[in-house]
Amino acid sequence: MKKLKKIYLVSPRGFCAGVKRAVDILDLVLKKHKPPIYVRHQIVHNRHIISDFEKRGVIFVEDINNIPDGSTVIFSAHGSSPNLYQVAKRKKLKVFDATCPLVNKVHLEAKKFNGQGYFIFYIGHKNHPEAEGVLGEIPANSVVLVQTIKEAKKITPPQTDKIIVLTQTTLSFDDTKEIINYLKKRFPKLVQPPAFDICYATQNRQNAVKELAKKVDLVLVIGSKESSNSNRLKEVAEKSGKHAYLINDKSEIKLSWLENVEKLGITAGTSAPKYLIEEVINYFKKQGVTVEELSVIKENINFSLPTI
Ligand code: SF4
């Protein structure tokens, strides 16, 4: 810590439009509807946000069957598979859908291309709710989940004339491109949708971290372990040749990390709230460290809220 002189606080960082929308939806539902309010899965992948809402009486559940019939439920930002909507209908749940519009876009693509007879390669993480939601849109024999190039090498699709690749929104841009390039070589007729599925917020934060890594000795990523895009930010910093740590909040900072660090870079995943970033910054400011904003990309995206 003695050597630490300067912090670069990169932007964009923290909340994206989809997370802000999901948190605002839950906040509004809490204000306008009678408790108890249930949320299927974590509304967004951040432990502080979850515990803040739990303190306000929100009940988070993984299994929709554990929600009493007729209750009010919010579906998380990561999207949900159609069978969850069917169960909700059967249980007469009042559903508010906080699925990010950019995740929804991938659901619509999956349905559309499946309807047109395409076999789908879906690049994503097994067991991630976003992947589960999209895979749930189409019959299991029309799609294959691809996580790595190694897996891509083993795929044997039922036909190779009509094949398309879709992806989870929060992946590493570079790793995903590598897998897609490999698939394109192996399957020359592979089609890509007009716009890349990795979302603007994920891409911007990864590009910003690459710039940040050029200036600093160490990168701290504020975000929870469950957060896919936060993990990717840590990996991008590491691939740029710098050590990086993922921390939930300032209490997880270890002084031993900072022993030989003069310049520290800070970023935050899309589900990390502003106050956690401010707490980390104030912690360092109190030690006399100067803080400089490093603005790499400007963002100006907002999603409208549904009627609640
Ligand atoms: S990371 Fe991207 S896809 Fe996920 S909620 Fe944010 S804007 Fe939407």
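Residue numbering: from 1, along the chain as shown.
The backbone N, Cα and C atoms fix where each Cβ goes, and this holds for glycine too.
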TrEMBL annotation, isopentenyl diphosphate site containing His78, His128, Ser227, Ser228, Asn229, Ser271 - matching residue among His45, His48: His45
Distance from Glu130 (active site, proton donor) back to His78 (isopentenyl diphosphate binding site), taken between C-alpha atoms, in Å: 5
Within 10 angstroms of Cys16 ([4Fe-4S] cluster binding site), Cα basis - recorded positions out of His45, Glu130, Thr169, Asn229: none
Cβ under 6 Å from ligand 1: qualifying recorded positions of Cys16, Cys100, Glu130, Cys199: Cys16, Cys100, Cys199
Rounded distance in angstrom between the Cα atoms of His128 (isopentenyl diphosphate binding site) and Thr169 ((2E)-4-hydroxy-3-methylbut-2-enyl diphosphate binding site): 11
Integer Cα-Cα distance in angstrom, Asn229 (isopentenyl diphosphate binding site) to Cys100 ([4Fe-4S] cluster binding site): 14
Which of His45, His78, His128, the listed binding-site residues, has fewest other Cβ atoms within 10 Å: His128
Set of same-chain residues at least 6 away whose C-beta sits under 8 angstroms from Glu130 (active site, proton donor): His78, Gly79, Val103, Gly124, Gln168, Thr169, Thr170, Ser228
